[in-house]
Amino acid sequence: MFLNKKYPSLIEKKMDDLMTLKFCYLIITFLIITNIFSLAINIWGGGDMIDRQSCENIFYCPKDWVGYNNACYYFSNNNKNYTDANNYCKNSHNSTLANNDTKLLNLTKLLNLSKLYYNDSTYWVKYSLPKNKAVTLRNSTYKYDRVKYTETFFICSN
């Protein structure tokens, strides 16, 4: 029963292990050489073969700001009156209250964006009016002198 089975001798087994080891060394050497070659090509001028993305279209917003349509917006989560909100925006990343003069995004879209990120609350935004004029919002008239006392959320943009 055991006589027909062939067991490799110790010398044959070492020979197989040695061949396996040499083969592993050969593969590792090949991989190291190809990595060094690729690195050398990238460092010394062969970088034209790699397609690089243009950085012109990339913009970064400060932490806790939302990037949208090439502009950054900060949606407050605390209430301030208009004057304090405007000052906060000026002191925060050199920004302003979001306003109706923005060329990148109209105010309606901005307020719809605020619903997406936060809630249906009201926000201070800067809307240019001639002096001593009032604006009608939701069937209510607010004059500029009242804004110092009304506290609500606000949106900064830069």
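Every residue number used here counts from 1 along the chain in the order it is shown.
Cβ atoms are placed via backbone N, Cα and C, with glycine included.
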Can you look up which of CYS61, CYS89 is joined to CYS72 by a disulfide in Swiss-Prot? CYS61
The number of other Cβ atoms within 10 Å of the Cβ of ASN94 (N-linked glycosylation site), counted over all protein chains shown, is 9
ASN81 (N-linked glycosylation site) sits from CYS61 (disulfide bond) (Cα to Cα, rounded, in Å) at a distance of 25
